[in-house]
Amino acid sequence: MMKLVRTLASTFVAMTLAAAVHAQVPAKPQVVLLATGGTIAGAGASAANSATYQAAKVPVDKLIAGVPELAQVAAVRGEQVFQIASESFTNEHLLTLGKRVAALARQPEVDGIVITHGTDTLEETAFFLGLTVRTDKPVVVVGSMRPSTALSADGTLNLLNAVTVASSKDSRGKGVLVVMNDEIHSGRDVSKSINIKTEAFKSAWGPLGMVVEGRTYWFRAPVKRHTLTSEFDIEAIKALPQVDIAYGYGNASDVAQRAFVAKGAKALIHAGTGNGSVAAPVVPALRELRAQGVQIIRSARVVGGGFVLRNAEQPDDQYDWVVSHDLNPQKARILAMVALANGSDSKSLQRVFMEY
Ligand code: DAS
């Protein structure tokens, strides 16, 4: 009898101690990893292949298994949303991904979301999510410039850093973030600026911070509207309108612009030379297309660090055109699609380009 009492007592003490220890160890953040493909899931024929490889090969569970250190940062579970190279993203892919991110963000037990993504259009997806997903939880988009099979592959550390940022409370409320090469960027500002180096992503106004050895270091916060301060909501978007981009250059004609509209474009982004300049032979076509109800948005092919000034190179007030402010052509396309899906006319479109 005494033996039974002693056994029960020691069991009770052991359970109480375990509960006490468990209570002291804070529960790990719950992070969901949504995999879409890209180089971070890529594989090359040999370790020497840092730029020749096939993107979108490695499945999400292998991505997670490839970085055991993730488990020290967060409880990570994966979903394979797509398995594609990101140059092939469509508007439908954006909507599907955005709705999944929003659904996960609404789940109380989810603390952060990481999206692995090809680097080619990563900046477009990150901006789109920042405009349309109503959450202050960290949403972090991450990719890599080298496949996991290459010497000095960058994907594993990028993924660990992305989960670290997604697990950090101080990442909340900063909009959708992009983590690449130890830097934390705003999804709005960042662009792939170099096509073949690991230091490929630059923000026109600089990164927001850095993540180094498991810690985040912040130096600034976004001032433009995003996520919870956005008037746009992914749940209200049924479809995104066709918006196309036409480059400006010497000897340019209006063939592309007319062809885009003939195929259903509802807005044209002019990737102009200099300050969004429009070549003389192209102006009449843009004015004609505007009169047909197509929105005309002047952006610039010039890489970041400035902005297109309204009524400077063209009489935008007279023509009822819009300027993209500091947004490059590919970012301007994303914002134009979201704003038009929300019913913006040219007046509200210009307001939107100044506020987001
Ligand atoms: N093709 C590129 C893409 O999927 C590969 C990459 O850099 O991620 O965006």
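Using N, Cα and C of the backbone, Cβ positions are placed for all residues, glycine too.
Remember, TrEMBL labels are computer predictions, not curated facts.
Pulled from TrEMBL:
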{"type": "ACT_SITE", "residues": "Thr39", "note": "active site, O-isoaspartyl threonine intermediate"}
{"type": "ACT_SITE", "residues": "Thr39", "note": "active site"}
{"type": "ACT_SITE", "residues": "Thr119", "note": "active site"}
{"type": "BINDING", "residues": "Ser86, Thr119, Asp120", "note": "substrate binding site"}
{"type": "DOMAIN", "residues": "31-222", "note": "domain 'L-asparaginase N-terminal'"}
{"type": "DOMAIN", "residues": "242-353", "note": "domain 'Asparaginase/glutaminase C-terminal'"}
{"type": "SIGNAL", "residues": "1-23", "note": "signal peptide"}
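Positions of the features from TrEMBL, shown on the structure.
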{"residue": "Thr39", "record": "active site, O-isoaspartyl threonine intermediate", "Cβ within 10 Å": "30"}
{"residue": "Ser86", "record": "substrate binding site", "Cβ within 10 Å": "24"}
{"residue": "Thr119", "record": "active site", "Cβ within 10 Å": "24"}
{"residue": "Asp120", "record": "substrate binding site", "Cβ within 10 Å": "18"}
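Across Ser86, Thr119, Asp120, which the record gives as binding substrate, the greatest C-alpha separation is 7 Å.
For Thr119 (active site) paired with the residue listed as 'active site, O-isoaspartyl threonine intermediate', the C-alpha to C-alpha distance reads 7 Å. Here the C-alpha separation of Asp120 (substrate binding site) and Thr39 (active site, O-isoaspartyl threonine intermediate) works out to 10 Å. Sequence-ordered, the extra residues of this chain that approach the substrate site, with Cβ no more than 8 Å from the Cβ center of Ser86, Thr119, Asp120, are Gly38, Thr39, Ala85, Glu87, His117, Gly118, Thr121, Leu122, Gly143, Lys192. Along the domain 'Asparaginase/glutaminase C-terminal' (242-353), the predicted structure has mean pLDDT 97.
Mapped onto three states, the DSSP output places Thr119 (active site) in coil. Under DSSP, residues within the domain 'Asparaginase/glutaminase C-terminal' (242-353) fall into helix, strand and coil as 42 helix, 21 strand, 49 coil.
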